[in-house]
Amino acid sequence: MKLVQEEYRKGPWTEQEDILLVNFVHLFGDRRWDFVAKVSGLNRTGKSCRLRWVNYLHPGLKRGKMTPQEERLVLELHAKWGNRWSKIARKLPGRTDNEIKNYWRTHMRKKAQEKKRPMSPTSSSSNCCSSSMTTTTSQDTGGSNGKMNQECEDGYYSMDDIWREIDQSGANVIKPVKDNYYSEQSCYLNFPPLASPTWESSLESIWNMDADESKMSSFAIDQFPLSFEHGSGRL
């Protein structure tokens, strides 16, 4: 002869089941759950009746969100006792162990999400702008330095370069520039002298003839003064 195993109801509780359980708990108390489940005709296990009463139907339960004081107490007790939810629940009247456990898991989930949360768009855009400005500045600096280096390699000396080298190494630094300058002048000054033109020699001969005539005239006056005076007296 086979014993037919009784099947118990599972799943969500209905409103009629909640009312029936409350009535029988008031009659027989909240200790003998197997007996309450059997005499009530709920077709539920004693464990299921107890959990339904403790977590949802007990008149002393608090409804709604936990207060900041309760949340702080949960965190402190969990740090002290760990996951002993029933023990923690006894320190929070009106709160069940299941409710406290759910709060703890929600709290840890939010904390993990905050750590993984990306940066805000404003801070991200400011960082992008600052990085682009840094890149542009480095490129500009590199371009100017490259140009300066190229000019130095080509032998070009600007005034800034000369004064900078004077400050660093003294006045001898500009010696190469000075040598180059005199070498350039020597290119223009070392030509052979040009021959004098023909008209310059003609002018010199004319001036020489005039000088000779003036000398002869003065000589004649000195030698024959009376003749000139006599002749002038006649006239």
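Note that the numbers count up from 1, one per residue, in the order the chain is shown.
The backbone N, Cα and C atoms fix where each Cβ goes, and this holds for glycine too.
Here Swiss-Prot flags 5-57 as domain 'HTH myb-type 1', drawing on sequence analysis.
Counting residues 6+ beyond its ends, the DNA-binding region (33-57) has Cβ neighbours under 8 Å at 8-9, 13, 17-18, 20-22, 24-25, 96, 98-99 in the same chain. If you look up Swiss-Prot, you'll see 33-57 (among others) marked as DNA-binding region.
The domain 'HTH myb-type 2' annotation in Swiss-Prot covers 58-112, and the record cites sequence analysis as its basis.
Look at Swiss-Prot and you will find 62-65 tagged as motif 'Bipartite nuclear localization signal 1', backed by sequence analysis. The DSSP breakdown of the motif 'Bipartite nuclear localization signal 1' (62-65), given as helix, strand and coil counts, is 0 helix, 0 strand, 4 coil.
If you average pLDDT over the DNA-binding region (85-108) in this model, you get 92. Feature annotation from Swiss-Prot assigns DNA-binding region to 85-108 (among others); the stated evidence is sequence analysis.
Sequence annotations record features per position, and here Swiss-Prot assigns motif 'Bipartite nuclear localization signal 2' to 109-117 based on sequence analysis.
Taken from Swiss-Prot, the feature region 'Disordered' applies to 109-147.
Per Swiss-Prot, compositional bias 'Low complexity' is recorded for 119-138.
Non-local neighbours of the motif 'Bipartite nuclear localization signal 1' (62-65) in the same chain are 94-95; each lies 6+ residues outside the stretch with a CB under 8 Å from one of its CB atoms.
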